[in-house]
Amino acid sequence: MGPKRRQLTFREKSRIIQEVEENPDLRKGEIARRFNIPPSTLSTILKNKRAILASERKYGVASTCRKTNKLSPYDKLEGLLIAWFQQIRAAGLPVKGIILKEKALRIAEELGMDDFTASNGWLDRFRRRHGVVACSGVTRSRARTSTPRAPAAPAGPAAVPSEGSGGSTPGWRTREEQPPSVAEGYASQDVFSATETSLWYDFLSDQASGLWGGDGTARQATQRLSVLLCANRDGSEKLPPLVAGKSAKPRASQGGLPCDYTANSKGGVTTQALAKYLKALDTRMAAESRRVLLLAGRLAAQSLDTSGLRHVQLAFFPPGTVHPLERGVVQQVKGHYRQAMLLKAMAALEGQDPSGLQLGLVEALHFVAAAWQAVEPADIATCFREAGFGGGLNATITTSFKSEGEEEEEEEEEEEEEEEEEGEGEEEEEEEEEGEEEGGEGEEVGEEEEVEEEGDESDEEEEEEEEEEEESSSEGLEAEDWAQGVVEASGGFGGYSVQEEAQCPTLHFLEGGEDSDSDSDEEEEDEEEDEEDEEDDDDDEDGDEVPVPSFGEAMAYFAMVKRYLTSFPIDDRVQSHILHLEHDLVHVTRKNHAWQAGVRGLGHQS
C-alpha cells in the first residue's frame, strides 16, 4: 500500500524542489519515499515548480501554513489588519487574538461588511494564512501544558464553620426549601439575590511584559478579583459590588473608591467580609424600615452567624440550582468589563504606548463598577422570572390550573345558563301553540318560527361544542408550555443530565427511540382494550363511573404533594424519586397530547 495522500504547504513543496535540484543523480522514487509522498505528487510538484516558488516568496513566513492560493472572502479586510499587526509588532508590542478580533470588527465596520463576525474559526484561518505564529502559539502551548481538571465535587449540605459560629442559629432557613416558596410574602423590591464571581485584571500587563514565560510556556494571569454582586428581584436596586483581592487596599482618590474593597491572602470574599457586608445591609434596611430576603448562591459553602440580623433574612439555594444572576447577569458584567479593557488596550496599541497597557487596581475597580451599572434592570428581572420568581415556572403551574372551588363555580354558572335556556324554550313553545290555534296564516308563521328556533338551538349546541374543544386544547397547550419551560430552564425534564436520562429505562421507553414500532403496537392494543372497556361499561348499567382527572387537576394535585413532601428534611433518594415522577408525568402528557392532536387531525380529514 502506497503512502497516504496529504496536502503539503508551500514551504514543504519548496524543500522537495530543493532536494531534487541538489541531488540530480538521485532517483525520483527514492526522493518520494524520503518525503513519504506518492511519485505522482512529486511529478506534479516539479511540474508546477515556478508557481510554487513564487508563492513561497509571496507569503514569506506564512508559507509554512498556507497550502493553496485561495483568497479569503474578506481579503481586503485581512490586508488592512495584517498591515496594522505588522506595524504594532515592529514597535515591539505583542498582540493577543482577542485584540485582533476587536480590530477586525472595527475595520469591517469602516468597510461596511455587515456580515463579518470575527469568529474563532476565521481568526484561526487568518493566523494560518498570514503566519501569525506568535498568537496561535499561546493556544498550542496552553493545550500542551494544561492538565485535565478534576471533576467537581458534588455540592452537599456541609458548610465550612466560621469563627464564633455555633452550629445552627436562629433565622436560618434550610437548604431543602425552594427559593420561590421562601420568597412568598415579600414584595419584589424586597427579594435580593447575591452571587460571587471572578475577574482578572492583569490581562493588559501580561501583554506588556510578553505572553511567554522563561520556560517557553504561556503565562497565565495571576491577579484575580472576587466580586460579590447583589440585586433585587425587579432590578430597581443594585447594591455596590464587594470586591476582594490579594493586593493591599489602594489609596482612595479624591472621589473615593467606586466600590467596597477588601484584601486577604487568597483573594476571595471571606466569611468576615461577608458578615460585615450583611451587617451594613441590615443597618440600611433598618433605617428604611424594610425587611428583606437575601438568597445566597455560591455563598452557601460559608457558615454565618445571622443572629444579629433583624431586617435581613438569609436563605440558601438548593444544591444544583442555577442562581438567578447566573442566568445572564454575571455574563453581562464580564462582557462589559472585558470590553472596557479591550478599549484601553486598543488605544495603547494604536498610540504605541507600552505604559498604557498597564492596568492598576483602582482602574480595575472603576471598570467593575461601570460594568455593573451597565446591566439593565429589565435584564435582572428577566433572569429572576426564568429562575421561577414571579411569572416563572412556579407561577405558570399555580395560575394555569384552576382550583376545585373555581371549577365548581364554573359548573354552577353553566347549569344556571342551561336552566335559563330551557325556560326560554318552554315559553317559546307555549307561544307556538297559541299561534297554531289561531290557524291559517298563524300556522305558517308558527312553522317558520319553529324552523328558526331549531336552527338557533343547533347553532348554540355547535358553539358549546367548540368552546369545550377550545378549553381542552388550551389546557393541553398550557401543559405543553409548562413542559417546554422546564426543558428550557434546566436543559432537561426535572433537571436531569444526559447520563441520568440514559440510566432511566422508563424515560427511554417514553421517549420512543429504537422501540418506536413496539410503541405503535402497544398503542393499538391499548386502543382495543379501551374499546372493550367502553362496551363493558355500557353493558353494566349498575356500575359506578370513575371520573378521569384532567392534566391540570393531576398536576395541581402533584404540586400539592410535592410541596408537602419537600417541607420536610428528606434525603437525596426521596428527592430523586419525586423528580423521576415529575419527569414521567411530563413525558406521558406530551405523548398523550401528540396522540390527541393526531386523532383530531384525522377527524378533520375524514
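Along the chain as shown, the residues are counted starting at 1.
Each residue, glycine too, has its Cβ placed from N, Cα and C.
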Stated Swiss-Prot location of DNA-binding region, expressed as one of 64-96, 97-129, 328-360: 97-129
Number of helical, extended and coil residues in the DNA-binding region (97-129), per DSSP: 25 helix, 0 strand, 8 coil
The domain 'HTH psq-type' (2-52) - residue tally per DSSP class, helix then strand then coil: 33 helix, 0 strand, 18 coil
